[in-house]
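J.: I am attaching a structure below and will ask some questions about it afterwards.
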Amino acid sequence: LPLLLKATLLHLASGSYRPFYNGFYYNHIMNDNDDGQDKVDYFSGSRLVVETSKDPVYSYNGANVTLPCHFRYEPDLGPKRKIRIKWSKLRDDYTKEQDVMVAIGKTYMAFGDFKGRAHLHQASRHEASLVISDVRLKDDGKYRCEVIDGLEDESEVVDLRLQGIVFPYQPPRGQYRLNFHEAEQVCQDQGAILANFNQLFQAWSEGLDWCNAGWLADGTVQYPIRLPRKPCGGVHLAPGIRSYGPRHRHLHRFDAFCFSSALKGEVFYLDRLAGMTLEEAKQSCQDAGGAEIARVGQLYSAWKFLGLDRCSAGWLADGSVRYPIVTPRANCGPAEPGVRSFGFPSKGRFGVFCYRER
């Protein structure tokens, strides 16, 4: 009964209805040297303060990143017993949290996609920083560092942002053919994920102007406009992100805004004198040291992060034909840098862009 009472108190003190779950509950046996006597937690007279980075922490796909978190007591009354640390990933609307890791002392447990990738960095007694290895595209977002000492519970949030690129995507069937779930899948098929609003806003601030509405990761439909014009919300509206708001995820159909980050490998171009069909292009990549035909997200990433510049059209895995231009020049499309598209030709012979892991 005393242990049950104490577990209930810890449950209430955590600041949420379910502070720890997935089978990883705490009690004082894990926290203290148990002498067989029940213990009672009292307020120590010092205030617990948790601090994280006020600025976003930037990383990229495949990297390792540390999200800083430190805590202290005011006033500091000397050595404390082992505290509990919980890291969670927040939704954009703060309505739900995803467990990342919980720890006490040197004992910790990571959850879900973070198993084997998340651990604490504790270079000092008051550090609770989170290390995420092999960063993935969907790791982008806000993380809560929560420190619990008895009945005291304080937390702060740190923002992890992946360096990447947002690109609009239409399937071979044409404009406005994707419901939300299909949009998620086509982005994944192109080595990307659905972009969130912050990523789209960053792309708009860097010059993205696109008049077709597309799904975002939160189920809203939006599009970025740099140059106001009649078909894109009207000439009298200021530049910005136009929003249709949340749409029905099954019934409504739009394009998609996908997000891709830096690459672990390289994209390169192959060609033959007479060009290649799509099937011949796929085989040529395999013959080139076990490479694979590049996906759209990989081409965009190579263009932005690796400076890939090629004024020759090439096949991609989705059956589209595109080419990347860093330095605009005659006979290579518009006067702005970008990835040019020939659409999805049903026939024709072109070169191919291949992708190979380093």
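Sequential numbering from 1, following the chain as shown.
Every residue, even glycine, has its Cβ placed from backbone N, Cα and C.
Just so you know, TrEMBL annotations are computer predictions that nobody has curated.
A quick note: this is a predicted structure, and the numbers were derived from the prediction, not measured.
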J.: I want to verify the bond table. Which candidate from Cys258, Cys285, Cys311 sits on the other end of the disulfide that TrEMBL records for Cys354?
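T.: If we follow TrEMBL, the cysteine bonded to Cys354 turns out to be Cys285.
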J.: Within 10 Å of each Cβ, count the other Cβ atoms and name the one among the disulfide-bonded residues Cys211, Cys232 with the highest count.
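T.: Going through Cys211, Cys232 one by one, the largest Cβ count within 10 Å is at Cys232.
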J.: To the nearest Å, how far is the Cα of Cys354 (disulfide bond) from the Cα of Cys232 (disulfide bond)?
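T.: That comes out at 35 Å between the alpha carbons.
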J.: When you rank Cys285, Cys311, Cys332 by Cα distance to Cys211 (disulfide bond), which of the disulfide-bonded residues ends up on top as the closest?
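T.: The smallest Cα gap between Cys211 (disulfide bond) and any of the disulfide-bonded residues is with Cys332.
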J.: Report the nearest neighbour of Cys232 (disulfide bond) in space among the disulfide-bonded residues Cys285, Cys311, Cys332, comparing Cα positions.
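T.: Comparing Cα positions, the closest of these disulfide-bonded residues turns out to be Cys332.
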J.: So if I measure Cβ to Cβ from Cys285 (disulfide bond) and keep only same-chain residues at least 6 apart in sequence, which ones fall under 8 Å?
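T.: Leu270, Ala291, Glu292, Ile293, Ala294, Val352, Cys354, Tyr355 - these are the non-local Cβ neighbours of Cys285 (disulfide bond), listed in sequence order.
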